[in-house]
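*Asks:* Here's a structure for you.
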Amino acid sequence: MASTSNTFPPSQSNSSNNLPTSRHASIVEMLSTPPLLPHVQVNDTDDKEQPEESTPPTATAAAPGPGCAATPAPLRDEKPQFKLSAVPMTQTPSQCLSCVHAQKWQHIPLSQLIEQNKLIFVPGSISVEEAFNTLIKYHLNSIPVESFPGDMNCFTFDYNDLNSYLLLVLNKITVSNKQLTADCQNGKPVPVGEMVKLTPKNPFYKLPENESLSTVMGILGSGVHRVAITNEEMTKVKGILSQRRLIKYLWDNARSFTSLEPLLNSSLQDLHIGVLNIQSKPTSRQSRVISIQGEEPLIMGLYKMHVERISSIAVIDKQGNLLGNISVTDVKHVTRTSQYPLLHKTCRHFISVILNSRGLETGKDSFPIFHVYPSSSLARTLAKLVATKSHRLWIVQPPESSTSASSTNLTAANTAANAVSATAQSSANGATPMSKSSSSTSLNSHSPLMTAMEDPPSPRSSAIAIPPPSPASSTNTPNLFEKEYRTGKLIGVVSLTDIINLLARKQTGNKEVDPQSARRQRGSIAM
């Protein structure tokens with residue numbers, strides 16, 4: 001086992017055109033509104049998606065080009081409301097869209113969204129370790145596995161397969177293929193083509209590049225994670241369109257798609273997406289809220305994701321408050337033998353390891369926010385999904401609503417910035433499990449991700465109320481972690497599938513698409 005595991009590797013400039021505004025954009029504005037569209041021509045810029053591990057671009061000023069956008073109406077999240085045109089944002093790579101497509105996003109051909117230069121296949125004969133190395137090298141989340149060159153019905157290898165492989169190596173799961181099990185546990189190379197057959201998957205959906213977004217919405221809105229885009233003759237795969245790339249494209253170009261505005265202005269509660277009561281049984285169209293206690297070992301979290309066929313899991317405390325998020329892609333942090341002890345430490349501890357790792361990689365503290373509130377607008381939710389590159393966000397009860405019957409409006413820019421700054425300073429003083437990373441890296445308490453992704457906290461929020469800890473109390477890591485990172489009681493979840501399904505039902509002909517059909521096809525395992 002050791003020999004097999006040791007083969008895994010360790011893991012803009014501002015626009016010169018400034019908007020004529022007399023004030024700085026607030027955090028709420030930046031997060032709740034899509035980027036401005038500069039004057040571009042079709043195929044002016046390469047539509048390249050950022051690598052999976054890269055930091056989202058800094059929000060900088062960029063003036064809209066002539067004729068690209070009429071004066072847009074405001075998008076709503078928290079009060080007060082702001083006009084779209086008030087927010088200076090930078091151009092994003094996906095904005096290669098001509099204004100002729102305004103209000104007609106359903107008719108855009110799929111050829112606009114594919115990345116031909118990023119299409120990579122691997123043969124099924126290579127080992128799981130080599131396939132994993134390819135994911136890391138090219139910053140991918142999945143990769144097609146060919147049985148032969150030009151295979152049009154191939155499987156895909158992703159981090160769910162890697163998680164299954166790790167659990168098989170550790171003898172935590174069993175499969176019918178006894179030879180493959182023996183090879184895994186004896187440290188022999190295992191062909192990736194055999195491994196991908198063990199994890200239930202959806203069919204390899206294919207659509208020609210001349211099909212429209214309206215067509216693909218019906219497939220991705222059913223819970224299928226990715227679709228292959230072929231040439232018009234359907235004889236060659238030209239690209240892969242994932243749920244996440246589709247959402248990023250729609251968000252980056254939302255100013256051109258004015259028909260989306262009423263939905264973007266609406267709250268999750270009003271749109272009836274996401275499970276908003278963890279105690280009640282979800283409907284057939286809703287995702288279940290799947291979580292794990294922070295004190296449970298990491299290996300149980302990985303096992304639970306494998307059994308439930310999910311790509312991330314919420315970590316909660318004993319009172320049901322959200323502590324953090326563990327994604328199946330985080331399995332890359334435990335693929336070497338030297339990292340195996342982490343598997344038997346708590347999920348709470350692993351979250352701190354992930355944060356430390358991000359700090360070392362990016363040179364600054366990183367604390368992505370994976371939660372929204374029932375009152376959060378769809379616009380804010382999309383912005384967070386794009387910025388965190390995640391497939392789902394956890395819906396939490398606002399902190400003050402669980403302790404006081406009198407609700408207070410959430411404060412905006414200056415309060416949020418002060419809260420983030422205070423939290424970052426507390427981290428630098430050794431208040432959180434991130435402190436070791438903080439002391440050895442450059443602290444940037446006003447980094448774009450930290451400030452733009454922070455929901456404005458309430459006056460009762462623990463991020464504001466906690467004073468710097470005394471040296472005597474700084475060793476009490478669990479309590480400090482719970483106070484510093486708790487965001488509210490977990491009451492629901494909203495996923496990319498939920499949002500794409502909503503758009504498909506509301507604005508395309510796919511009125512009856514079921515967001516849970518693909519997951520039911522993949523199935524959960526009863527062990």
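A Cβ is built for glycine as well, from the same backbone N, Cα and C atoms used for every other residue.
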*Asks:* Annotation phosphoserine per Swiss-Prot: which of the candidates Ser94, Ser111, Ser212, Ser427 has it?
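*Replies:* Swiss-Prot annotates phosphoserine at Ser94; the rest carry no such entry.
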*Asks:* Under Swiss-Prot, which of the candidate ranges 388-407, 508-527 is annotated region 'Disordered'?
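*Replies:* Here Swiss-Prot associates region 'Disordered' with the stretch 508-527.
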*Asks:* Can you count helix, strand and coil residues in the domain 'CBS 2' (198-256) using DSSP?
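*Replies:* So the counts come to 18 helix, 15 strand, 26 coil.
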